[in-house]
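This report concerns only the one structure given below.
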């Protein structure tokens, strides 16, 4: 991962300080333990005294300007703070403020945001114990009156039963303007473009296959897909979102549409007869994290994107799902008799998507729709895989807890939850709150294909394709290629993909069933050696040189994260 986080600046004005200090989807490489994407700052020593005071003073100034009707000054104040305090380039600051102005204005009109609310929400309890109330409001979906079926143990398949191969890629982050020889340490939040600065002053230049401080070149993705087409056979491909690059201060709607068009054309070229299921990442929109529900009309709505998305996905998605894609970017489809997939737009539960502040309760009724899909699947004897970008443990409380509630009710129907977003290889297990030792589901969180570490993808072996299959993940193969070695070998030679690990061999699992993962977490607690293996895989076998062994509180945080798939839940012992 890049040593300097890319600028995922998502809000102008009041939280500019927060997002300029921590602008990453992926956690900083030198940080051992996982946590909320923003709260890690409060324990890192970077958010102390002056920074927190400046945040509150700045928000108060913005609040005063807005209350007095002098809102025209706010963008200029934001630019000055960006340039002078955080020494970002003028083009970065100007782009940030321009892109996020509409969403900031909308939020300010709908919700009263105090300095304590804002700084506590995004900079953590080290700055303020307050949060934005709307983002922590709990609401309830309505489950049908149909009783939950009795839960029966998952049975292993019979010897020789068919196993399908399902690829999982995520967080590709392709940079169409990547330039070999450009500066790779340009001083901007992300580099490797001609426009990012004079390469003659750089200590490192952009190499052919990519750079750890940059996004993935388009030709690298093309060559990777070409190589996989020759060496692999997939029955389906899961993509859990985030295709665009991280130059978020200068992105346009046209660019986001074009990159999805090119990506799906590449899939049709190399995998023409393979099922493809995609979920939207937080980077698919402009600005990043901006996914207004349908009550937002006009130019700020998603009408610029969802029709194009439907056009690109329609070769794979049945026509009866067009309405759902156009409404909210989610859909379902039957891949095999008895097996269904669901693609969710989990940006509706993203705490950086301020468009949802007008009505935080199940935006666009997506979760209620999901319940209907799962109830019909249960009634029809179907099994279901759910795809989303952001892991359920990282969603706002109401969305996270309701997703968990649905997962627990339909545990006999859902046979896997598939996520990305963190850029790391991670494990999450759903535990029954009424019996905290009983695991009822698994979250498969795959590492990124982007070069913030070694590029990674995964292939699941799924029990399926025949009558009465369980459609459970039995095992998987996690692959990486060493970016440094690939660049040394040069552009004439394809990267060498290696099998990084396989749960049944490297962790000793019999099958990749929830109960087996739960036992593995117990073993992680007992064995530091085994846990350090997990940490190596977590970093895609590219640990920072400054990495210290993850023990003590670091290890505890990881264990807690594996066991807790509800945001802000302390009911599961860890």
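Including glycine, each Cβ sits where the backbone N, Cα and C put it.
Annotations in TrEMBL come from automatic prediction, not curation.
The following features are taken from TrEMBL:
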type	residues	note
BINDING	171, 173, 242, 423	Zn(2+) 1 binding site
BINDING	242, 282, 389, 421	Zn(2+) 2 binding site
DISULFID	52-127	disulfide bond
DISULFID	55-119	disulfide bond
DISULFID	82-93	disulfide bond
DISULFID	186-191	disulfide bond
DISULFID	192-214	disulfide bond
DISULFID	550-554	disulfide bond
DOMAIN	48-131	domain 'Saposin B-type'
SIGNAL	1-26	signal peptide
Proximal residue to residue 242 (Zn(2+) 1 binding site) among recorded positions 82, 191, 389, 550, 554 (C-alpha distance): 389
Three-state composition of the domain 'Saposin B-type' (48-131), taking helix and strand from DSSP: 63 helix, 0 strand, 21 coil
Distance [Cα-Cα, Å, rounded] between residue 55 (disulfide bond) and residue 186 (disulfide bond): 27
Lowest local Cβ density (other Cβ within 10 Å) among disulfide-bonded residues: 119, 186, 192, 554: 554
Separation of alpha carbons, residue 550 (disulfide bond) and residue 173 (Zn(2+) 1 binding site) (Å): 28
Cα-Cα distance linking residue 52 (disulfide bond) and residue 82 (disulfide bond), given in Å to the nearest integer: 15
By Cα-Cα distance, the member of binding-site residues 282, 389, 423 nearest residue 214 (disulfide bond): 423
Averaged pLDDT, computed only over the residues in the domain 'Saposin B-type' (48-131): 77
Proximal residue to residue 421 (Zn(2+) 2 binding site) among recorded positions 119, 127, 171, 192, 554 (C-alpha distance): 171
Spatial separation of residue 186 (disulfide bond) from residue 192 (disulfide bond) - C-alpha basis, Å: 8
Minimum Cα separation from residue 171 (Zn(2+) 1 binding site), reported as the residue among recorded positions 93, 186, 282, 550 that achieves it: 282
C-beta crowding around residue 191 (disulfide bond), within 10 angstroms: 29
Cβ neighbours of residue 52 (disulfide bond) where a neighbour is any other Cβ within 10 Å: 21
